[in-house]
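Novice: Sequence annotations record features per position, and here Swiss-Prot assigns N-linked glycosylation site to Asn293, Asn882, Asn947 based on sequence analysis. Annotation source Swiss-Prot lists repeat 'BNR 2' at 434-444. According to Swiss-Prot, the feature repeat 'BNR 3' maps to 481-491. What Swiss-Prot lists as repeat 'BNR 4' is 700-709. Swiss-Prot lists 1082-1092 with the feature repeat 'BNR 5'. According to Swiss-Prot, the signal peptide annotation covers 1-23, on the basis of sequence analysis. What Swiss-Prot lists as topological domain 'Cytoplasmic' is 1358-1383. Per Swiss-Prot, the feature transmembrane segment maps to 1337-1357, 1384-1404; the stated evidence is sequence analysis.
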Amino acid sequence: MIIRSILLAGSLLLASAIPGTLAKSDEPEIKVKELDKVPTSIYYFEDTDTIIFQKGLGEIYISTDAASSWEVMKDKTGLLWLNRHHTQSACIVGDKRKHWVTYDAAKTWREFEVPDKLILGERIQPFVFHGKDSNKAIINAEECLLTGCRRVTYYTVDGFKTIKKLLQDDSGCYWAVGHPNVGEGLDIRKKIDDRIFCILPGALPFNSSPRLVYSDKFFSDDMAIPVEINGRELRGINKFAFVKKFLVIATVSDGTSEAAIYVSRDAMHWDRAEFYGGPKVREGKFTFLESTNYSIQVNVASRRSKLPIGSLYTSDSTGTSFTMNVDSVNEDKDMYTDFEQVSGIQGIFLINRVDNAEEVKTGKASEKKIVSRISFDDGRTFKPLKYKDKEIHLHSITRPSNSGRTFSSPAPGLVMGVGNSGDRLKEYEHGNLYVSDDAGITWRKALDKAHKYEFGDQGSLLVAIFDEAGGDKIYTDEISYSLNHGKDWKKVKLPHTFLLLAEDKNKKFYVMSIDFSGLHERKCGKNDFERWAARLDEKGEPDCLMGHKQFYRRRKADADCFVKEKFKEPLPEIEPCKCTKEDFECAAGFKRNNDYDCEPDGKLKPSEGQCKKPDDKFMGPSGYRLIPGDDCIKKGGVDLEKEVERACKETSKGPISGKIAVEATPFETEGFQYRYLERSDTSSGDDETVIFKTDKGEIFVSKDHGKSWGRGKFKEPILEFMPHKYDKDVIYLLTGSKKAYWSIDRGHSFHAFEAKMPFTRTLGSLPLFFHPDRPDWLIWIGGEGCSGKKCNDVAYYSKNRGDEWELLLRGVNKCMFVGKEGELTNDDLIFCSQHEGEDPHKDMRLVSSDTMFSKKTSIHFDGKPIAGFTKMSEFIVVATKNGSELQSFTSVDGKTFAHAAFPPNFHVDFEHAYTVLDSSTHSVFLHVTEHAARGHEFGSILKSNSNGTSYVLSLNGANRNVKDYVDFEKIQVVEGVALGNVVFNTEEVKKKNEEKKFRSMITHNDASEWALLPPPKKDVDGHSFGCKVTDKGTNDCALHLHGYTERRDNRDSMSSGSAVGLIIGVGNVGSHLTARAESDTFMSRDAGITWHQIRKGRYQWEFGDQGSIIVIVAEGKPTKVLSYTLDEGETWTDFEFTDAEVTVEDISTVPSDTSKNFLLWTKKGSTTDLVVYNIDFSGLKERERQCVLKKDAPEADDYYLWSPKHPMQKDNCLFGHVSLYHRKKPDAKCYNGPRLDRLSSEKKNCECTRQDYECDYNYERQTDGSCALVKGLKPADPMQICKADPDAVEYFEPTGYRKLPVSTCEGGVQLDHIVARPCPNKKKEFEKKHPGISGLGLFLAIFFPLATAAAVGYWAFSKWDGKFGRIRLGESQPESIFSGDSPLIAIPVTIVAGTVAVITALPLLFSSLWRSVRGYTRLPGRWRQRPYASRGAFAARRGDYVGVVDDEDELLGAEEFEGDEEDEV
């Protein structure tokens, strides 16, 4: 009988003759194989004597006689890759495109080839095997082209005999049947056997949120079907995994670190998992553990502890309802968790927990006190491990000493581990070997000192080898073994003394096979076995789990025989039990409480016709159901599934009232501040949290949108609160001292921390700066040595939410984490503006570091002074001082800053300012102040190209206020639409100091062109306005709206991120904007194309339920009425919310505008106290049901597809497509519910035009719109792509143009590639890719178009009495059959013009032909290039013009980008 070979990596220490084999009959036989490299990937083919391992990354060794002899596999070198689902199958990945596969345990191998190089990364496997069909596999490869390497996925269904392409640019593909247990107990095999899930990038421009799609036909029909949950496409895919029969998806969304877990058992229907009783599941902070066929085990990491600690959850049989079992399980920094089930026995597992978890989490303990516990009832209870009268603690997964399982094997009930007795787990080197033969109930010490160990012959043989370091080295010359379950041990000398290390300077390594088959000649008989109960209760009787008792037939400990049943694992004997409470789990809509009972989770609803009165009772669900797969017998046992009588008061909601509900709460405060904690797509729960601060520094929290309030208990007043910029569940409260508070559970609880020093207000901003991707990383800027208003501001950083602080920099003005975005790839990168010499009176300079300024500091611009910096999207924008001017620089990688080229003769004085208007389309909007006199500020808005290096003028005279806010507002969701107010009397303002006069402007093509707002035809009463109204706004008659600079709360906006196309504003119709007191309220339903007046006078407004409810209330005067509309403003209804008039200071709702609740913040009469009204529209019958949206029939039910108009663009195209949005039909009586993906994937792409291109890097726009190389700059070597990618075949000569990254246009004008040339030494590949044209073909290609054009041109000339004139863009004339626009004339004219062009181009043509003979120049064909995604993608293709005639330059138009938020530099 053969046990597993023991791997010893070491050097031969005792010199002797060539080692021989021990020959004693009472000792095992040992054979040694010497190697010169460490053997890796040792694999045993099940049910065979074949063992295979890899030496380094090259040679592969194989043994077919259980390691007695070894040989090297000939002509097959590479990486060994095993098929874990099919134990006879494996692959060898060759170093090129040649690979091998076996299906018969390495007896035979078949060669196969993949067109591209396989991916061998830490996170990407080369093969993804089918769970049941060994012939099916997904193959992950990468294809390297001119623009870089891209992922390509292939598949095979016939054992690698044929390989076909599946997809490209995916982020991972998986078989639906990715585990042998998928579909267990369900008749779905035929439906999902060929189904493949793939993670793809976002389907829309700049939507990087990964989505999950599937196909049952290998995507051959180009149909990628999105996975949807309740009609919503699943996005933000973070992880895809198989846990036994369960398919599990983890998703994350912007604005929260919480992950949503979705589970399916049939690869067709998905449900979100709920976690009860512990911390929320966070992105990257959870691990799926070894699970059973009826539940999933998950470890969720704690967010607070600097020493890793987790919480262990166990699911019900659906995999969707998780209950926390252990709140302090031990884990390491890589999320490996000390958890392991005892092999083959249901319900028993060992864990290590942190006994001082609270002290560790709060920073009071510097190390973890780890103790071991065991559960015999599937995690309901845990008990200590007992050795005699002592507790023992064992090292587990986080400190592995064995390969494979840590404690157990298929040997029934045999468990071993290294540990110690006492009150806590000590270091491994201080441990002993312990063994249990009753599945962990009792333990005995097996051997002193730490040992590696292994099980053999179904547990009748235990083997151990010394594994404890003496100094830094482990010496051993013997092994130990036991034949009676570890009661007695014998030692066997090894041929030599070995040093157990991973590396050795002598480079000698050994594999030893140890054969114990000669120790017992007899094979075990019937009387040598016992019927062993796998689980015992407290009385020592066999215990039940999952409705049955489990027994094994195993060899008695003292039997002098071997089982000798090779390749056969023991199977349990099952004995059913009567049902008890433990055989039931919580039914859907219920959860476990602390007493392990099932209670409603808030979703319990009575049946139709029940609960007509609040005091009624009804027969409802018990909350329990029998666990699927449980074998218990209900007869004579417990049955918890029967319905029970329940009180109607238990129901989550009463009947729809048809009325609007109002709750009023008074507060003794004059001033107030409030913050909503917004919800993200993956946020769990349904709270609507508002946090409110009084002028006395008191904090009140409401979880139900202001219906009820709880007062926070803080020892000192709160001065400010700061919601986390990137995590919507987190908020910080700041006091006047070093003390501050945070909440990571949406205000449910608050925890105190101390900063190094109090924050100061000298910066004009709050002290905390957050990391975009690491929610617990903070920068705190406080003041030291403060004297009056003068402070030396110092920055500190923390990586654990303020538990510990380290010095970052002194003398700073601002510091911020950059995060990963675009080409910014370093998580640790920090930028700071620091005063020279740390002196607050001196100029600032820009510095950066990716080592927290502890080792390396980069000083940018040679230490020259800067005015400020900011980061927005993927750009870092800096304003430097250059004499009396400011200059702008931009970086996309945090290393190289490119000077931003402003339009000619556009200079910015030092005293003036930049305001950066944030962008979401890879460009920068910049407001440059041109006149800075207080109260008379205005400037110009510039727009950059996609790398922020070149600007064009977008809007002159844009209004700015003294706080540097700008009247510029991006209309949310709708692409390309923005509003702005301009000062039209700029000369009078500058020269005569007159008051500013404003006009409102709108753009529909992303600030390329602006127009006045068209006024409504009539006012709300049907009367005309006092000016001549036309379809377009004119200088004498247009609509003008008060903008961003006049708002009391800069969080207010004219539009909503969820109410598509709806805009509300306050203003007037006339020649210019008048005083706010004279304003009326206007609305647009089509993103600003048309407007109508909705109320006389000025009103405040809020959008609710994504625009299906809009509420307005009078501004600045007492009222007791609000008005609302349910049909996008077509009709309005007044509602009296109070008996006495109040003045509404503000109206608010959740920032996403998805709630049906609103808050009115009011003052009553002459009092200064505050009254907050909650207005709840949930009871309206018109909003009783949820709207239905079907993606395959988007206009069939409650929605329709709406496309915004872009009147200044041809065919409404913008960014290369016509956008389509899902909008609720105004008359649909339903509510939207969770936030919809408004932009439809059914967008229509347009042909490329000049608007889809911009100037390439090192090129700049000329006055005629063309692009030319910047004077003094040289293009980079376009052959760099060949150097960067050895597989590249060709490169393109630069044209000066590149496609906008945001554009999705197809075909049409192609300006970004003209001439292709072969890479060095790739002449043959280039010719194969671009076969040349024959001489005859060239003659025909030239002669026939010329002849045809001449004939048709002569006919047109003879039939048309007009004369050819000069063609200008934009001219229009009356149409006739012989007009220039008539097809009868336009086509011949085009042909004749083409003839003239061909004749003109003949010299260029012959020149080009000559060059093609010499240099293989290729004219553009049908090949299409991907849009540039980053600066690096186009940097390698710079250069001056080649083969581009001058007339083509005028095709390039203005760049198109968008921006929204503002940040002053």
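Residue 1 is the first one shown; counting continues down the chain.
Glycine is treated like the rest: Cβ placed from N, Cα and C.
These numbers come from a predicted model, not from an experiment.
Help me understand the surroundings of these features in the structure.
Specialist: In the three-state DSSP scheme, Asn293 (N-linked glycosylation site) falls into the coil class.
In three-state terms derived from DSSP, Asn882 (N-linked glycosylation site) belongs to an extended strand segment.
Reduced to three states, the DSSP call for Asn947 (N-linked glycosylation site) is coil.
Residues 342, 345, 348, 350, 374, 376, 385-387, 392, 394, 413-419, 459, 462, 482, 485-487, 534-536, 557 of the same chain sit 6 or more residues outside the repeat 'BNR 2' (434-444) yet have a Cβ under 8 Å from a Cβ within it.
Taken as a whole, the repeat 'BNR 3' (481-491) shows an average pLDDT of 93 in this prediction.
Residues of the same chain lying 6 or more positions beyond the ends of the repeat 'BNR 4' (700-709) and with a Cβ under 8 Å from any Cβ of it are 663, 665, 667, 687-694, 746-748, 1149-1150, 1155, 1157, 1159, 1172-1174, 1176.
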Novice: Taking residues 6+ outside the repeat 'BNR 3' (481-491), which of them lie with a CB under 8 Å of any CB in it?
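Specialist: Distant contacts of the repeat 'BNR 3' (481-491): 28, 414, 416, 435, 437, 444, 446-447, 459-464, 516, 519-520, 557-558, 560.
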Novice: Determine, to the nearest whole angstrom, how far the Cα atom of Asn293 (N-linked glycosylation site) is from the Cα atom of Asn882 (N-linked glycosylation site).
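Specialist: Between the alpha carbons of Asn293 (N-linked glycosylation site) and Asn882 (N-linked glycosylation site) there are 70 Å.
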Novice: Measuring Cα to Cα, how many angstrom lie between Asn882 (N-linked glycosylation site) and Asn947 (N-linked glycosylation site)?
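Specialist: Asn882 (N-linked glycosylation site) and Asn947 (N-linked glycosylation site) have their Cα atoms 22 Å apart.
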Novice: What is the number of residues in the repeat 'BNR 4' (700-709) that are helix, strand and coil, as DSSP sees it?
Specialist: 0 helix, 4 strand, 6 coil
Novice: Out of Asn293, Asn947, which of these glycosylation sites shows the lowest number of other CB atoms within 10 Å of its CB?
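Specialist: Minimum Cβ neighbour count within 10 Å, taken over the glycosylation sites Asn293, Asn947, occurs at Asn293.
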Novice: Tell me the residue counts in helix, strand and coil for the repeat 'BNR 5' (1082-1092), as DSSP assigns them.
Specialist: 0 helix, 4 strand, 7 coil
Novice: Let me check the 10 A CB neighbour count of Asn882 (N-linked glycosylation site). How many other CB atoms are there?
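Specialist: Excluding its own Cβ, Asn882 (N-linked glycosylation site) sees 13 Cβ atoms within 10 Å.
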Novice: What are the DSSP helix, strand and coil residue counts for the repeat 'BNR 3' (481-491)?
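Specialist: Computed counts for the repeat 'BNR 3' (481-491) are 0 helix, 4 strand, 7 coil.
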